[in-house]
Structures are given as C-alpha cells and as structure tokens.
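Asker: One structure, pasted below without further comment.
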Amino acid sequence: MSLLSTISSPQDVKRLDHEELATLAAEIRDFLIHAVARTGGHLGPNLGAVELTLAIHRVFDSPFDRILWDTGHQSYVHKILTGRADDFSGLRQRGGLSGYPSRAESEHDIIENSHASTALSYADGLSRAYALRGEDRAVVAVVGDGALTGGMCWEALNNIAADDRPVVIVVNDNGRSYAPTIGGLADHLAALRLAPEYEQVLDVVKQVLGRTPLVGPPLFDALHGIKKGIKDVVQPQGMFEDLGLKYVGPVDGHDVVAVESALRRARDFGGPVIVHCVTRKGFGYPPAEQDDADNFHGVGIIDPATGKPVSTSKTISWTSIFSDEIVQIGSERPDVVTLTAAMLQPVGLGAFAKAYPDRVFDVGIAEQHAVTSAAGLAMGGLKPVVCLYATFLNRAFDQVLMDVALHRQPVTFVLDRAGITGEDGASHNGMWDLSFLQVVPGLAIAAPRDAPTLRAELREAVGDTDGPTVVRFPKGKVAVDVPAIDTVGGVDVLYRSPKVAQRREVLLVSIGAMAATCLEVAERVASQGIGITVVDPRWVKPLDPALIDLARAHDLVVTVEDNGRVGGVGAALAQLLRDADVDVPLRDFGIAQRFLDHGKRDEVMAEVGLAPQDLARKVVEAVAKRQPAIEDDPTSPGEAAPAGERAGEAIGDQR
C-alpha cells in the first residue's frame, strides 16, 4: 500500500515522520505527473509546491485556520491532502474536479477566483473579521512572486501591516508567473535568495554582547537601532519590514522540514509575517525542468514518460494567427509596440518579442498599469497593442474608460480567450467584454470569424487613429475560412436561403467566431422551408447602419453571440433598431447572466443553449409564433428545401 493511499485529510499528514514525508512528497509528484498527463492542467506550478503544501497542512489546522491560494492553479496538492485524490480522473472535466479551489468541493477551499493578486486582500478582511469576533484563527495566504507584481497585493500589505493580526503570507518564489517574473520586485527577491542569513548573525551578536556586563546590552540596543542600515547592506529584506511585516527566509521550498520550521516560527509570532520560500517550477520532473518556455505551466494530454503531447494537431489556433500577423505588422510599422501582463507566450507575443525585443513590454500581473502605460505610449507617438486574456481586461475597466477613451488615444486591445473558454471555469470565461465595453464612448470592437478576418480586422484596428479599438477572438483552433458571398455596406453576407413562397424570413446576425454555428443553424432552418439570411457585421461596436435596412427587409432578427445577453451585441442592435423606428421583432441568443462551471467548450455551449440544433429549434419556434398556418407549402413534409446560397463546402464538411 502506498503512503498516499492512507491520506484522506490534513490530520493524516500531521502524524508522519520526516522520512515518511519525503516518501509522500515523491508519491504525490508521481501521482500528479500521471494524473495531469491524462487530463491536462497546471502541472509545473504544482510540482513546485509539494513540500510547501505539506508543511502548511502540518503547521496549520485547516479548515479552522484559513488557507488562501492566490490564483489557485497551484492548489492540486492541497486538493490531494484534503481527500480528493480519487477525483483527479475528472480534473477539469464536466462535472469533475475543478482546476482551481472550489467552495462546492470542500470546506478547505475558501476562495475560487483564479485572477491573481487577490488573496492578500481576502486575508486582510478575514483576519479583521476574526479579530472583531474574538476568534483565535490564523489566516495563511499563499502568493506567488509573479502575483506580487500586482498592485493589489501592495495595497493589501499596507493594510495588513497596520494591525497585529495573525496573518502568515507564504511567498512561493519560483521566479516565474507564466514566464520569468520581471521588474524591480523580481530583482529584490533575487537579491534575497542570494543573501546570507542576517538573523543568524544578529542572534550571535546578541548572545555575545549579552554576556558583556554594563556595556553589552546598551551596545546591542544601539546596534539594533541601526538594524535597517545593516540589513540594507547585508540582506535587502527591508522592503517588507519597512511596511511593518516580519520577514522569515529565504527558505528552501523543497525542504519540508525547513519550511515547516519557518511556518511554526511565523505562526507563533502572532502578527503579520512573510515566509519567503524559494521553489522551482516543475521540480522533480525533468521534462518540466528543462522546458525553458514555462516549465510546463499548463499542459494538454501528454506522455508522462517524455512530457510530449500525445497528439499534435495540424489545426492552427487563433493565437498563432494573431502572433504571425502582429509580427508582420511590426515589420511594416516601427511605431507598433506591444504590451502584456505576465502573459507573453500565452497571448502569442513570443515571436514578436524575439523579432523586436525593444518593442514588447511585459509589465507583470498589472493590467491597470498596462492600459494606462499604453495610453502614455500613444501620447508619445507610438501605436501600442495591449494583449490580454479577455477576462483580465475586466480588471482595468476604469483605465480603459478614463485613461484611454476619454483621451481618445489610439490604443488597440487584443483580447484572447474571448467567450466561453471551457476547462478553466467560471473566472476564465471571457463572456463580459462585449457588454462592459459597450458603454465606452469612442471605442470600436471587431469580432473576426476566421483567420482572414482576424488578419484584416487586426490591421484595421492598428490603422485606426481616431480612438481605442478592440479585437476579440476565442480560445482554441480556427475553423475553416467562411468567405462572404456579398457585402451590404460594411456587413458581410455569409448565407442566403432560397426564397420560399409565403415563408417569413429571418435575418441571423452572427457575432465573431459563432459564424460556423450560425451557418449550420441556417441550413437546419432552411430545411424547414424558412427563408434565412446570415450576416456578419465584422465590427460590432459601433454597429453598421446597413443592419437597419437589412432588418427592415426581414420579418425576424436573431443575434447569436458568445457573450452575456445582458448588454451584449443583441441588446445594442435592439436599441439601434428602436432608434431607427424599425418595428421588427428581435431574439438575442447569448449566455445567461450566471457563472459557468468548467467543461469542454462544446459541452458548455450546449448547456447554455448555443448548440446549433438548439438554436435552430428556437428560431423555427419563433417563426411559427409569428405567422399563420401555411396553406400552400411548396415543400412536402418529407422533402428538404433546396440548399441555400453560400460559399464553400457543406457545413458538415467544415466541422
């Protein structure tokens, strides 16, 4: 029987001796490698946090003591130690184990927001609540060095240090977020890793001077009074202690005994303490340790023996199309610069950074700063392109509104992972941008449907000098090209069904990458003898006025978007038609106003009613409600209507 099979709660970890802990750590690493290889997930961060997590659960009493995992992707070991090892076969699968902490899964999981730099603020609030309620409970916040580049962490540290509350901040310092951590903080932490143990020197001096009558104690006090000056020379940890935080470390994060000892000192101190643990991402798994890009930060299904992907798809991703095009644009325009927030490789800027290293700026996990810095770059005569996951632009809305749009700065935002992302769950879905950006004056939004329109609309956005622009696209592979068969104004027509006598017609407005879905919907609807036209507005803010006349020419308007219905493109089109006195009914299909659980993208799309068969059924029902019974149907009940006019192959062949 393996030692791991005997672990079902943190109490089981507390009874182990040091030799057993080393065995358990090795078994956990082997378990993680094989489990994540089958499902995909965040492998590297968790391999680097094994001993650290073991030590935390030995020193503190979860769930009475609260353990908060910033970002949360490094919580797999925590899940194992709290009785969820048997559930890893369903990791990140529909109805299975979440890839992040989940309050629905366990009482040991406190926060589940996977946006970085938030845990310290939660810790501040929790510790204040326990103090006011008279509860003697410790709060432990585990935060990576990458997350410490986020300003919210420093706002929290400033407040945590104001009172003597038992908050233990564990800095898991692996020198990376997705990529190597950058900036002044990274340099400071690097200095700490290399510095000698100042506290040991101070203890020896205190012991020697303490044995010296009369002169010794006053001399020690004098030396202790200039402690800050000594520390700044010997060990540059003053940045933390100047805030009023006790600092312990640096500690070898892969020595469970050393980490446990440091955590016990921190717990017994009774006030706010930072425990600085130096770890290695991907530790103990050679393929991860040798991966220079991101140490297997996130992997798909891999061969655990080699770390190589089990299958290599030849299909091109949206991100790679963007990556290729922005490099080409950069070669043509030396004024184009790019920014990202600790996501250089994930958002496709690796090639741009290699080609133009002086024109790419990774600002760390600091989206607010990235946006306003981009405004400054634009004011200075450059053309900044800010590249983020769509969900992370939520964090910088005020900067988009006031620092960019108010000043009419031509900043382009490229939002990767827009819409439903799937396996990463609620906080990674990019399903809000089309709604909250609708209220920003002067901002234009493009939603490309395929590779050619992504390339074209990116160029249009970068070439716009009138104000800010946004280009959004989803996670995953690009479907085959969907060429237009016609254009009306600036609107692309993708499909027209044959005119069928006495059948009312539908205008189906497809938003972005929903084009392939909408074409399948159109063919299903047309097979029922209903006339239908599919159009793609390309730019969804502001909407092209050509949509007004198109709507007038149809009896029902339907919008389909991979975004929330509330405040989305459907709502904007409804307002446009009302303002133009167009009295045509409109049905807007999108995502309901709720958070979505993890699962494959197609599974989640089906759950929210955006699968082609469900949309087609709803369109047919909407048409039926608005027309009388048909007397002379030219299509017999068992006979499908003729295929519609559209470019390319049948939709079944495209998928």
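Here the Cβ of each residue, glycine as well, is placed from N, Cα and C on the backbone.
Copied straight from Swiss-Prot:
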- HIS73, SER114, HIS115, ALA116, GLY146, ALA147, ASN174, TYR285, GLU367: thiamine diphosphate binding site (BINDING)
- ASP145, ASN174: Mg(2+) binding site (BINDING)
- 626-655: region 'Disordered' (REGION)
- 646-655: compositional bias 'Basic and acidic residues' (COMPBIAS)
Asker: May I ask for the distance between HIS115 (thiamine diphosphate binding site) and ASP145 (Mg(2+) binding site), taken between their Cα atoms and rounded to an integer number of Å?
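Answerer: It is 14 Å, counting Cα to Cα.
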Asker: Long-range neighbours only, meaning 6 or more apart in sequence with Cβ under 8 Å: which ones does HIS73 (thiamine diphosphate binding site) have?
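Answerer: Listed in sequence order, they are HIS42, PRO45, ASN46, GLY99, TYR100, SER114, GLY298.
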Asker: Given that the record lists HIS73, SER114, HIS115, ALA116, GLY146, ALA147, ASN174, TYR285, GLU367 as binding thiamine diphosphate, what is the largest C-alpha to C-alpha distance among them, in Å?
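Answerer: So the maximum pairwise Cα distance among the thiamine diphosphate binders is 32 Å.
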Asker: Just to be sure I understand the packing, how many Cβ atoms besides its own are within 10 Å of the Cβ of GLU367 (thiamine diphosphate binding site)?
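Answerer: Total other Cβ atoms inside 10 Å, all chains included: 30.
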Asker: Tell me, by DSSP, whether GLU367 (thiamine diphosphate binding site) is helix, strand or coil?
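Answerer: Its secondary structure by DSSP: helix.
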